[in-house]
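K.L.:
Pulled these from Swiss-Prot:
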{"type": "DOMAIN", "residues": "15-103", "note": "domain 'Rhodanese'"}
{"type": "ACT_SITE", "residues": "Cys63", "note": "active site, cysteine persulfide intermediate"}
Amino acid sequence: MSFKEITPQQAWEMMQQGAILVDIRDNMRFAYSHPKGAFHLTNQSFLQFEELADFDSPIIVSCYHGVSSRNVATFLVEQGYENVFSMIGGFDGWCRAELPIDTAY
């Protein structure tokens, strides 16, 4: 089993149906702005994530530009998560698509 790649628009539509979007960017960038409703997935927050997500929950991984999210998506599949997606373009693509964001400013 592997992950699938989806566009930011597809990710947003899936989130409206209950998918979990995890943002793996660094603390400072996540705090400044991130996709609306995103969970900040870090080594420190992984246990909290495990409590939040079922193994069959749709999980979308977002990073800066859509590259490192593939590695985390692969890791999640290896951990037993069955419905994993990597978001093409990452947060940069999300912003270009003019999708909702939460910001600190």
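Every residue gets a Cβ built from N, Cα and C, even glycine.
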K.L.:
What is the Cβ neighbour count of the residue listed as 'active site, cysteine persulfide intermediate' at a 10 Å cut-off, with all protein chains included?
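P.N.:
Cβ-Cβ neighbours of the residue listed as 'active site, cysteine persulfide intermediate' within 10 Å number 22.
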K.L.:
Is it possible to list how many residues within the domain 'Rhodanese' (15-103) are helical, extended or coil according to DSSP?
P.N.:
33 helix, 20 strand, 36 coil
